[in-house]
């Protein structure tokens, strides 16, 4: 009883609220770190199309990434209650960091030459990014779900901002080396070096700084007293030793939770929304934007500008639902809006065929705007199960992206 009392008394108000702003900043950075490595690989598509012009890198790398993300997420979602969340997240961020470093090492080892061997190596590292993504996204969502809503909102804001950060860094490095010899490769190397350092910084933040914040200790201690078994390692990292629930007379029946089937049935429309949102988005982004939009005045900058515009509007639109009068709160209305979004497919087809670059930039911006806006209302409902459906949608969209190549030469 004394052990349990110390757990709760150590975190009483006002101490329990200390460090809220710092925790929100950390959550935002960790959100950035959970996708910035993968977005880095997507945004160097101009470099990979120079090295591997016949191998459809933007499509193939995404197609390799998704089955590993989906398969790993399915396994982790099934065993969620038995998994050490702290270890899961640390494995994910460590794998991101190592894989990003190895992308850099692979290019240096091959002196920036193309060919099948280096391409297979890039594909293997893409699969590693998928495994890391499944560890981090589901793990962080589960971890932060014990805490205040602002933390999970900050994490998802970081997720959305990761694309903007990656695009911004890529544009800066491209400008910086545009006129130098072998500038495209030098800019890419600097870009991956920055990404590697950033991922390593996320490991330090999550492992040593985040668990010692007073407000984080409070929420994790509270979750432990309510029967959560996944936070014990986090509490130990913060120097808090939790006694077993039986020592405080905890009724084991209170640990019962809804089954995955019950959770799915209660949220089937949200799962369908997430699936369909990302089926449409990933059937266009990024493969179609790199390979099917033709040549325009912007030249090699064109796909980078399209990717950047998508990411910027995706980020902006995730904050629109926070404005009450603009929020779409009807679950039926959300589903209708998601289905209506499929009209973008013929719009992209005809714009690529007949429109100029201005119309395509506007259409890509609208794709990002609707992606972020329709995902926004669902963010706080996300858990392992719904992240799984999100990944299913992404995988299906990536597979359907290849349909744009039907009728093209060489396909």
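Heads up, the Cβ atoms here are built off N, Cα and C, so glycines get one too.
Curation plays no part in TrEMBL annotations; they are all automatic predictions.
Quick caveat, the model's predicted, so the values are computed rather than measured.
According to TrEMBL, the feature transmembrane segment maps to residues 60-78, out of the candidate ranges 41-59, 60-78. Of the candidate ranges 116-136, 221-241, TrEMBL annotates residues 116-136 with the feature transmembrane segment. Note: the stretches the transmembrane segment (358-374) and the transmembrane segment (386-406) are not in contact (fewer than 3 CB pairs below 8 A, sequence gap of 6 or more). Contact between the transmembrane segment (301-321) and the transmembrane segment (148-169) holds: at least three of their C-beta pairs are under 8 Å, each pair 6 or more apart in sequence. Here the transmembrane segment (60-78) sits apart from the transmembrane segment (333-352); fewer than 3 CB pairs are under 8 Å, leaving out pairs fewer than 6 apart in sequence. Sequence-distant residue pairs (6 or more apart) of the transmembrane segment (148-169) and the transmembrane segment (333-352) include fewer than 3 whose Cβ atoms are under 8 Å, leaving the two stretches without contact. Counting same-chain residues at least six beyond the ends of the transmembrane segment (386-406), those with a Cβ under 8 angstroms from any Cβ of the stretch are 56, 59, 62-63, 66-67, 69-70, 73-74, 77, 134, 137-138, 141, 267, 270-272, 274-284, 287-288, 291-292, 378.
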